[in-house]
Structures are given as C-alpha cells and as structure tokens.
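According to TrEMBL:
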type: SIGNAL; residues: 1-17; note: signal peptide
type: TRANSMEM; residues: 12-33; note: transmembrane segment
type: TRANSMEM; residues: 45-66; note: transmembrane segment
type: TRANSMEM; residues: 86-106; note: transmembrane segment
type: TRANSMEM; residues: 209-226; note: transmembrane segment
type: TRANSMEM; residues: 241-260; note: transmembrane segment
type: TRANSMEM; residues: 330-347; note: transmembrane segment
type: TRANSMEM; residues: 392-417; note: transmembrane segment
type: TRANSMEM; residues: 423-445; note: transmembrane segment
Amino acid sequence: WVHSLNYSLVLIAHVNSLLLSVVPSGYPCALLYRRFFFHQAPTVIHLYHAISGLSLAAFNFGTQLYHSALCVLVQFLMLRLMGRTITTVLASFMFQMAYLLSGYYYTATEEYDIKWTMPQCVLALKLIGLSFDYYDGGQEPSKLNEEQKRSALAKVPSLLEVIGFSYFYGGFLVGPQFTLRSYQRLVKGELTDCPGQPPNSVIPAMKRFSLGLLCLVIYAIFSPHYPDSYYLTDEYDAQPFWYRCVFILLWAKVILYKYVSCWVIEGVCILSGLGYNGLGQNGEYQWDACANMKVWTFETTPLFTGTIASFNINTNAWVARHVFKRLKFLGNKLLSQVTALAFLAIWHGTHSGYLLCFSMEFIIVNVERQAQALVRDSPLLTRLANSSLYPLIYLVQQFIHWLFMGYPLVPFCLFTYDKWLRVYSSIYFCGHIFFFTLYLGIPYLRKVLVPRKERSEKKED
C-alpha cells in the first residue's frame, strides 16, 4: 500500500508537469495565435512561436534549455555554411545524435524521468529531417518520391524561422513530428478549411483533448495497481506462472496509456491548424495530419503490426521516410528494416532494454507476416478464419497479441540488464521460445497446409 501511494505521488508529479505545459500553455498559445496572430506577417508569427516555445522550455527545464538552443543554432549554421550537400546531412545526423546520446549518458538513471532529453529526442529528429528536406530541395524532382517533393525546401530558412519551427508549442515536448514545409504553410495561413480565416478546428481539438483526458484518467486509476517495480519483488516471483503472464498482459495495456494520453491529449496542433489534412473520401474535413495515435485501431486490432501502425505514428513515419526508404541503395529490405529498428532503439536511449525490445519487435513482426501469409495461402485456414468461429479466434488472438505485446515492453520499461533478465527468467523466456518455435515451424506447416500448386506459384513470385 505504501509503495502504491509513493508511486501515485511520483506519477501525479510527472503528469502535472506535462499537463501544465500542454493544457495551460499549449492550448492558450494556440488560441492567442488564432485570435491575434493568424493574419500577421510571417516574421511576427515566427517570433510569437519562438518566444512562446522558449518560455515553455524555460518553464519545464530552466537553464537547461541551452541544450536545445545550441542544437538549433548549430543546425542553422550547418544549413547556411555547408549548403545542400550530403556532407550537411551526415554532419547533422552525427551531431544531433551524438548530442542526444551524450545527454542520455550523463543524465541516465534507472527510472523514467522527465528531463531535458525528453524534448531533445523529438528535436533531434526534427532537425535531422530538416537537413534531409533542405538537401532534397536541391535535387532533380524526378529523383524524388511524392513524399520528398512535398517536404523539400526551395531555399534555406532564416534563423527565426528555424527557431519558431523547433520550439512550436504544439510539438516541442512530446511531438508530433512535422516538416518545415508544413510549418511554413501554417504560418502562411494555408492550413485552414476557411481560406483567409482561422480554421474551424476548435471542436475537433476539444474532442481529441477529451479522448486524451479519458486515457489519462484510465492510466491514473489503474497504473498504481500495475507498477513496474512489482516485477522485481519476491511476491511476483512467488506467483504461479499463469499469473505472471497475465500480469504482463494487463500491465502492458495500462502502461501504454501513459504514451497514448500524452499524444492524444495534444490537440494543440489541431487547434492551431497544423493538423489540417484536407478533405477525406466522405467529403468531411480531416484534422489528422499530426495524429500520433489511431486509438480505435490501437484498441481493436488483433495484430502486432496493427498496434505498431497505430502507435507513435509520426515517429514511425519519420524513420520510414528518412532511414528505411533512404537505405534503398542497399538492395535488401530486411537489412533496411534491421537498421531502422536499430536506429529507433539507439534514439530511445543507451539502456540495453531498448535494444532488446526492438530486436523482439523485429522477430515478432516477421513471424506474424509469415503466419498471415500461411493463413492466406492455406484454403483450410482461410475457411476457418472466415467461419462462425472467428469471434473465438479473435479473442484467442487478442490474448496472444497483448501477452506478447507486453513481453518486449518489459525490457523497454525496466531498462537495465539485471532487471529485465530477472523477469524473463521468471517466465522462462516464453516469448522467445514461442516466436522462435513459430519461426522454425511455419515452413513445415506450409508444406502440410498449403497445396503444392500454391507453394510453386509463391516461389515463382
């Protein structure tokens, strides 16, 4: 009971810090922008975003805001002095990542802390992406894909523009990621459903905020009952094997609401107009350009890939655009995937738990894709999947899904080798055994369940 109380107090302190930044700061800043600055000159808007964002940084991190300010200044000088070269991109990548990793190293503890490295990891991607977009602006359009064309920069941005972009109150603390081109369109007043007027985005923003607040309440209520520290107690070790596994399942559902609430509650981008995404297929205006979560998909998908696709969307899109797709020259999709996941692990921090988490994600995703291909190619499994038994299959699939979604989250949240190894040992490395068994067994199942003709056509493809 005492431990739960202490945990709750720490949780409330962390939540209050974020809420004081997002709600009393972010939303009023967006409202002031709509009311007083929407029709102002770009220089005035950049200055407003710069001052409000720097004030937000000072409120949260005090004098430590110099870390982000230094990285922004260095990035601007690189663009100005080094030009549109691959050297600029590489220098930006190495400097921003080296600075971030150094910050992780010197501030690392064995607990989750809100410190200056939290917004710094968001800023690092933003500034590295800026160097890529500036480089793309000097390339032949025929060499760029549609995504790169939309993000490419025609000219070098001003220092004030880079500061406003970097410290924009809608994405400084926890994201989302967005390009300088999107920010420029916001400043020009183009991201609106009412040309020449602030967007009609108050109601969509409040809906998003309300959903985020609901997720936050769920997390605040249930998280004290599923603390990370329980894994390291003798009481957990003494529980039956099935209980330890079910605890991981329930813990994973609860712990992820911490991230869901932070991203969903951030409707500031919608309120300001940055979330404007044009008309959808049904003719309604969309406000999901900066959406970092697809909550309905997150809650209902029975697939690991579905959860990954609905979670931290903009960061995953950034890695796909600037790491995975840029490695096309390797000629090996699997190697590109491994490199992208390795980058994500390092970007999160220096603890071994991050590397183990993303290596498990690689294994799980590839096994799931093989299993999906097996179901698709096997007439028997296809009929079974489309039969009246599907609701039961769905429940079993969801149980497996969330049990083994929590499995790689254990090292992600416990960080260090001694902690996650103790937990994995207590459940006999069941996740590793399960997925490696499937990885080795699916080829044999294909021989039994997939007709020879289907296997032959698959090999030819």
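Glycine too: its Cβ is placed from the backbone N, Cα and C atoms.
Taking pairs at least six residues apart, the transmembrane segment (423-445) and the transmembrane segment (241-260) share three or more Cβ pairs below 8 Å and count as touching. For the transmembrane segment (392-417), the residues of the chain that approach it from at least six positions outside its boundaries are 110, 112, 228, 231-232, 245-246, 248-249, 251-253, 255-256, 301-304, 307, 348-349, 351-354, 356-358, 360-361, 364, 384-385, 423-424, 430-431, 434-435, judged by C-beta separation under 8 angstroms.
For the transmembrane segment (241-260), the residues of the chain that approach it from at least six positions outside its boundaries are 212, 215-216, 218-219, 222-223, 225-226, 228, 230, 293, 295, 298, 311-312, 399, 402-403, 405-407, 409-410, 413, 426-428, 430, judged by C-beta separation under 8 angstroms.
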